[in-house]
Amino acid sequence: MHVWGVKPKNCASQIFLTHNFRYRYCRMLEEGSFRGRTADFVFMFLFGGLLMTVFGLFVNLVFLGQAFTIMLVYVWSRRNPYVRMNFFGLLIFQAPFLPWVLMGFSLLLGNSIIVDLLGIAVGHIYFFLEDVFPNQPGGRRLLRTPSVLKAIFDTPEDDPNYNPLPEERPGGFAWGEGQRLGG
């Protein structure tokens, strides 16, 4: 019996892979193309989540975690087109093919590819509106991070007059002031 496109025997491995990919590609996006732009990163999450929820209603999907992960993978892969990937030592390919390879792997596991296609579609819409369309002749930026998100999430490090307080002891511990071990 399939529950939301997942066979019970693959559920644990799929959850592990989904969390692993979500952590990895979320981190690479945050440290890469979204470095210093936390509000834009949060806006991508909100935009993707809203679009997936709307599209998910049309295909009767309830759990969209895997689709969200594929969206993150898609955006990262399109922003890093020259990175060479190695899939289980069997396939070597450029990063933009990663979402499609993952979809093929999901298909081999016997899962529905609707979830993967949803993530790829939402990732492509975000990538197109954020990175492609503004650079076209006559194009403009259609996605703008709301100022309320910038006020909440962006740090005042962009302000040239901002001077953070110095940290005397990182983490609140007296590092290097311990006792000698041994004798």
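These residue numbers are counts, starting from 1, taken along the chain as shown.
Cβ from N, Cα, C; glycine included.
The annotation compositional bias 'Gly residues' is assigned in TrEMBL to 173-183.
Look at TrEMBL and you will find 158-183 tagged as region 'Disordered'.
Taken from TrEMBL, the feature transmembrane segment covers 42-75 (among others). Tertiary proximity for the transmembrane segment (42-75) is limited to same-chain residues at least six positions away from its ends with a CB under 8 Å from its CB atoms, namely 4-5, 14, 18, 21-22, 25-26, 29, 34, 98-99, 102-103, 114-116, 118-127, 130, 143, 145-146, 149, 153.
Using a Cβ-Cβ cut-off under 8 Å and counting only residues 6 or more beyond its ends in the same chain, the transmembrane segment (87-107) has close neighbours at 21, 70, 73-74, 76-78, 80-81, 113, 115-117, 119-120, 123. Summarising the annotation, TrEMBL assigns transmembrane segment to 87-107 (among others).
Summarising the annotation, TrEMBL assigns transmembrane segment to 113-133 (among others).
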